[in-house]
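Asks: Questions regarding the structure given below will be posed in turn.
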Ligand SMILES: O=P(O)(O)OC[C@H]1O[C@](O)(COP(=O)(O)O)[C@@H](O)[C@@H]1O
Ligand SMILES: [Mg+2]
Ligand SMILES: [Mg+2]
């Protein structure tokens, strides 16, 4: 089953093919390098390698005019003027790469925008994440539907169509140290802890896929020491918000849908991120307001 938009299809096919290679290429690339990414976080060898691999391949697609990534300071424009009006891609090459040390789950996130970067989530035309778990899966949201695939040998095989969040939420996962949470968020978390089961693995993609599978809420809140939170709007908040909203859930920065946030601080802007079942996000917004 291919995606009807040929440029989106090319991005999805490239991501599917590359995911198998990225997974295999993690061996021997788990060590930290003496560099920080533009968000000031330590990079591992695999972060840089996956970024270069995806940049080269995604920029080679006809109809992709810009590539941006968590691992590089500047947006890369495609030299091809014929593509200048095309879609743009924003990528988190390895989400949760600190989990490489402990050999735990990780992901890759790609958002395809129909606007120059940085863009609003509402400008997304598709978003996908790859989860490197015991097997490699991909969740793809387009304007039409959300589908889950298994990836193997560079091929993708659809295993679920029209994916939606289960109605009865089961799991929650919140990032940041508890003493650094605001009082309002702490009060919300205390309620949720009595209702749902904790699932937090330190890679947003792993934790979000728990929410997609079982229903619930994932959040990385604004902290007392860092009100803007940790996760990045273009590479993490927007694409995950888009996927969850397409799957019938809600996204929020604590006040409004992530997809309606106007980027104002460049490509590496951070934001609090909350995604999950609609009633849980509604309650969160009421609590934080
Ligand atoms: O270690 P913490 O503070 O719980 O942060 C974990 C969060 O940070 C991230 O690892 C940030 O993503 P990157 O690994 O892509 O920088 C998320 O995947 C995860 O949800
Ligand atoms: Mg990430
Ligand atoms: Mg990353």
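Including glycine, each Cβ sits where the backbone N, Cα and C put it.
It should be emphasised that the depicted structure is a prediction, and the values quoted were computed from it without experimental measurement.
According to TrEMBL:
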DOMAIN    23-151  domain 'Fructose-1-6-bisphosphatase class I N-terminal'
BINDING   70, 92, 94  Mg(2+) 1 binding site
BINDING   92, 95, 236  Mg(2+) 2 binding site
BINDING   95, 96, 97, 98, 200, 230  substrate binding site
DOMAIN    166-286  domain 'Fructose-1-6-bisphosphatase class 1 C-terminal'
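Locate each feature and note its surroundings.
Replies: Counting residue by residue with DSSP, the domain 'Fructose-1-6-bisphosphatase class I N-terminal' (23-151) contains 28 helix, 55 strand, 46 coil.
Non-local neighbourhood of residue 94 (Mg(2+) 1 binding site): 22, 44, 46, 47, 50, 100, 106, 107, 108, each in the same chain, at least six residues away, with C-beta under 8 Å from its C-beta.
Residue 95 (Mg(2+) 2 binding site) counts 27 other C-beta atoms within 10 Å of its own C-beta, drawing on all protein chains shown.
For residue 96 (substrate binding site), applying a Cβ distance below 8 Å and a minimum sequence separation of six or more within one chain yields 104, 105, 106, 107, 201, 202, 203, 204, 205, 206.
When the domain 'Fructose-1-6-bisphosphatase class 1 C-terminal' (166-286) is classified with DSSP, helix, strand and coil residues number 53 helix, 22 strand, 46 coil.
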Asks: Using the CB centroid of 92, 95, 236 as the Mg(2+) 2 site centre, which other residues of the same chain sit with their CB within 8 A?
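Replies: Not counting the recorded site residues, we get 70, 96, 107, 108, 109, 129, 204, 205, 231, 232, 235, 239, 240.
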Asks: Anything from the binding-site residues 92, 94, 95, 98, 230 with its Cβ under 6 A from ligand 2? List those in sequence order.
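Replies: 92, 95, in sequence order.
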Asks: Give me the CA-CA distance between residue 97 (substrate binding site) and residue 70 (Mg(2+) 1 binding site), in Å, as a whole number.
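Replies: A Cα-Cα distance of 12 Å.
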